[in-house]
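Colleague: Dropping the structure in here first, questions after.
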Amino acid sequence: LTGVLDDCLCDIESIDDFNTFKIFPKIQKLQERDYFRYYKVNLKRPCPFWADDGHCSIKDCHVEPCPESKIPVGIKAGSANKYSKAANNSKELEDCEQANKLGAVNSTLSNQSKEAFIDWARYDDSQDHFCELDDERSPDAQYVDLLLNPERYTGYKGPSAWRVWNSIYEENCFKPRSVYRPLNPLAPSRGGLGSVCLFSWTGLCLEKRVFYKLISGLHASINLHLCANYLLEETWGKPRWGPNVKEFTHRFDPIETKGEGPRRLKNLYFLYLIELRALSKVAPYFERSVVDLYTGNGHEDAESKALLLDIFRDTKSFHMHFDEKSMFAGDKKGAKSLKEEFRLHFKNISRIMDCVGCDKCRLWGKLQTQGLGTALKILFSEKEIQSLPENSPSKGFQLTRQEIVALVNAFGR
């Protein structure tokens, strides 16, 4: 890919250089620190849109806690937190090892980590939050170690995965009049390769183009990580993961995708620009002494904050940011209405993530959606951020730990 991106003055080469030499090494380090590696998520929320497809049909896609009777006494005594109580014991597993297979979320946490989380939550509760996330206090919400659960291909595909993305694109996304997309695997096969479509932005204003590109960029990011960390072979319980060039070609090659693949990748660069802009805008929030990246380890917390502020300095030095002021800049009534439509569409997409059948895919889908949602919240709160009090928590603009973790990890992706 080369050249200038649509709807902004930035070129791909500049983003590549800036990211490779300045941002990526630092963001990678930040993601490994305790504050950013643990994400609290509820993977048991029911799909609000269809009832028959809540879980992946592949046994390796979901986490099934071992029944109490199957857990060795030593584990029960020594590390009771290793498995959560089964919400439904009606279907016992034949073998506990199935829970640790291909797509299973590794929920192993040390007792020390568990105690730290209680401390973090107490600290979080003392802050004056802007909003409270539904998942945080649910008994089904659990901490997940993101380093133990990398985003990768789990075998989750076909009609179930297609339905999720189709619902996002067709029902919740402003989209170009015609975009080539794979044929519906739910429909009877008609033979042939699906229709070739011409790409047209006719009738779509800047805001709706931006929305479509962000969702397309998110989709491209997820697909890229699946291709880059693919199950190449599984021999005697020793899976080998690595890049799958054939799968990458299938999803992004201009010929195989009717010219759509490079556009998908360009949308990934656009998503990067939007989240980069959000990081540069939110810097004043974190620069205040009242904001700590609190884990209880004072030395590590100070190092984490110093590294984050260093990244913010880099983001401010980038000279080709997306100008979000061009959005929602029409007549006040129309702009307000469009902004609300934008917000509701995005909220709906975050709810669709609860329809993803594979727990590991659901985890990363929810995290990246929340990260992008946090970026949008920041971009639409510039005045509130600029008027933050230095020495007290703000009543106007506030980020929860969940939002901060999601923002950094989504950008890291």
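Every residue gets a Cβ built from N, Cα and C, even glycine.
As annotated in TrEMBL:
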ACT_SITE  C358  active site, nucleophile
ACT_SITE  C361  active site
BINDING   R152, T154, W165, S216, H219, R251  FAD binding site
DISULFID  C56-C61  disulfide bond
DISULFID  C96-C131  disulfide bond
DISULFID  C358-C361  disulfide bond
Colleague: Just to verify: the residue among H219, R251 with the fewest other Cβ atoms within 10 Å, which of the binding-site residues is it?
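Modeller: Among the binding-site residues H219, R251, the sparsest Cβ neighbourhood within 10 Å belongs to H219.
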Colleague: If I take the Cα of C358 (active site, nucleophile) as reference, which of the binding-site residues R152, T154, W165, S216, R251 has the closest Cα?
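Modeller: Looking at Cα distances from C358 (active site, nucleophile), the smallest one goes to T154.
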Colleague: Given the binding-site residues T154, S216, which one's Cβ is surrounded by the fewest other Cβ atoms within 10 Å?
Modeller: T154
Colleague: For a quick check of understanding: given the listed FAD-binding residues R152, T154, W165, S216, H219, R251, what is the maximum Cα-Cα distance in angstrom, as an integer?
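Modeller: The widest Cα-Cα gap among those binding residues is 21 Å.
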Colleague: Checking the contact step here: among the binding-site residues R152, W165, H219, R251, which have a Cα within 10 Å of the Cα of C361 (active site)?
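Modeller: Near C361 (active site) by Cα: R152.
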Colleague: With every protein chain in view, how many other Cβ atoms are within 10 Å of the Cβ of the residue listed as 'active site, nucleophile'?
Modeller: 27
